[in-house]
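Report on one structure; see the data block that follows.
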Amino acid sequence: MPRRLTPVLVTTLLGSGIAQAQTDVPVQLPAFKEGQYVHEAPTVDDLMQDESINPELRKVILRGRDMFINTQQFRDEYVFNDLNCKNCHMGEGRLNWSGPVWPAATTLPDFRGKNQHVNSLEERIAGCFSFSMNGKPPEYGSDDMLALAAYHQWLAKKAPVYETNIGGRGFSHLGREMPAETSYEGGEQVYREHCARCHGTDGQGVRLSEQTVFPPLWGDGSYNWGAGMTRVFTAASFIKNNMPLGKPGSLSDQQAWDVALFINSHERPQDPRYTGDARETREKFNNFHKFTMYGTEFNGQVLGQHDNTGTKPFLKPDALRPRSFE
Amino acid sequence: MMNAKLGCLLAGALVFCGMAHAAGDAQRGQTIVMQGDGSGAPCLACHGLDGAGNDAAGFPRLAGLDAGYLEKQMQDYRTGTRQSAIMAPNVDNLDDQQIADVAAWYASQTAAVPPLPDADSELMAHGERLATRGDWDSYVVPCETCHGPGSEGVGSAFPRLAGQHAGYIKQQLQAWKSGARSNDPDQLMLAIAARLSDEQIEAVATYLARQPMQGDL
């Protein structure tokens, strides 16, 4: 019988945790809001025991799950950095407060601000490959895309379609506005104390036997300048509720903001939407980049003003294209 | 031979090796392993010259563990950051260089994991689930997330678990739970250990002890 986590108010526990004898580390996650839909995504054990699932469908879902966990098997095909889907969507994409992926299956097709048109589930997945994985998405309608879409939809089992008031969805619980006192230097200190052990002093992560153990946080192995995680608020909320691993909520809100700013003030592969000028690209996609450091000056350099696409031999995958019904 | 420096390079992250230490010399280490620190028992009395340890007696396997990890443990025994009435008097006369040498010796050992009797298949399956998939609903992350593919260890902070004696793994997880051990970096192991049930500890220890050493030591 699994012990389900009881979310607790961060504010009430922060003070009390410190004085206690350190014989445990509380899981400090935000409370769900009144009226929110809270989903309990099924596990792979549920899938294996679910006799209503056609064996062929089960194979497809398991394939999608395998792609999600070990995305590096598609290195230099769909993925040109060191990341796996599960690095940002932890707990196999099931976990609330860790960008659970199933809402994409119940809320799409819908209008998406990032690309200003109505996106399907496949298109949303293609977005992850294009930006977070610095890659080239599986073809729409392909076996691999079907498998990933099937995995998302199965995780959404029993969730209401079109319900958007979802507890623990996305990475924005700290809000979108970076506090004025947010500090790069403060972030550097947090990074040294709590992050560098795994992610490396240069953010390079750790790879062993051609597998990513700890994901790189900047540089060629990490997400590109167009990834949602480059937004400081996205990274701050992810860090607050997921890092250090196993200790969600252990950093203060300000520590999370500081280290998010520090990480996202480092260079990474080019935004696939690059026009040739980072300041211009920032302006053109300001609805997104107003939350990133891209195209701003840091230490005398304009972040993102370069032609480096990492190990990806092109800038923009064909899958990224506008759509209009006019 | 894997010395501390090489271990760091293999891990690909020099930060693991931030501790200032001299490179260990395995040959000098062998002598210390055979002779001890001058006041206590020689290392080999309990851990064996080849570092195989002894499950029944509760002595961990040291063969093939990361040199930086071994070094830190001995230093922690010496300073009391890690407490053991057995280990403290046996390393207290060793200086930093001698500790590095002993670490280098045991890190370079490749004693095979002896075959163990088959364990209950359900217990093994449970242990495998914990090691490879975790129990996220209790916020127990998979062992492999930090201890690496096959739980074979990552750098000096996350030691090899594959092939470690089940009794020792259980004893240490319980030590974290009770607060008796607390020298893990940033309380990363405490966080997980404190959430493990006794049944989960039994399962994961049973499974890990039966995993082969596949690394190219």
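For all residues, glycine too, the Cβ spot is worked out from N, Cα and C.
Whatever TrEMBL says is automated annotation, not expert-curated.
TrEMBL lists B:1-22 with the feature signal peptide.
Residue counts of the domain 'Cytochrome c' (B:24-110) by helix, strand and coil are 44 helix, 2 strand, 41 coil (DSSP-based). TrEMBL lists B:24-110 (among others) with the feature domain 'Cytochrome c'.
Residues or ranges marked as heme c 1 binding site in TrEMBL: B:Cys43, B:Cys46, B:His47, B:Met87.
Feature annotation from TrEMBL assigns domain 'Cytochrome c' to B:122-212 (among others).
Annotation source TrEMBL lists heme c 2 binding site at B:Cys143, B:Cys146, B:His147, B:Met189. When other Cβ atoms within 10 Å of the Cβ of B:Cys143 (heme c 2 binding site) are tallied across all protein chains shown, the result is 24.
Listed in chain order, the extra residues whose Cβ falls within 8 Å of the Cβ center of the heme c 1 site residues B:Cys43, B:Cys46, B:His47, B:Met87 are B:Ala41, B:Leu44, B:Ala45, B:Phe59, B:Leu62, B:Ile86, B:Asn90. For B:Met87 (heme c 1 binding site), the spatially nearest entry among the binding-site residues B:Cys143, B:Cys146, B:His147, B:Met189 is B:Met189, judged by CA separation. Here the Cα atom of B:Cys43 (heme c 1 binding site) is found 26 Å from that of B:Met189 (heme c 2 binding site). Taking Cβ-Cβ distances under 8 Å and a sequence separation of 6 or more, the neighbours of B:Cys46 (heme c 1 binding site) in its chain are B:Gly53, B:Asn54, B:Ala57, B:Phe59, B:Ile86. When the alpha carbons of B:Cys146 (heme c 2 binding site) and B:His47 (heme c 1 binding site) are compared, the span between them is 25 angstrom. Proximity to chain A, taken as a Cβ less than 8 Å from one of its Cβ atoms, holds for B:Cys146 among the binding-site residues B:Cys43, B:Cys46, B:His47, B:Cys143, B:Cys146.
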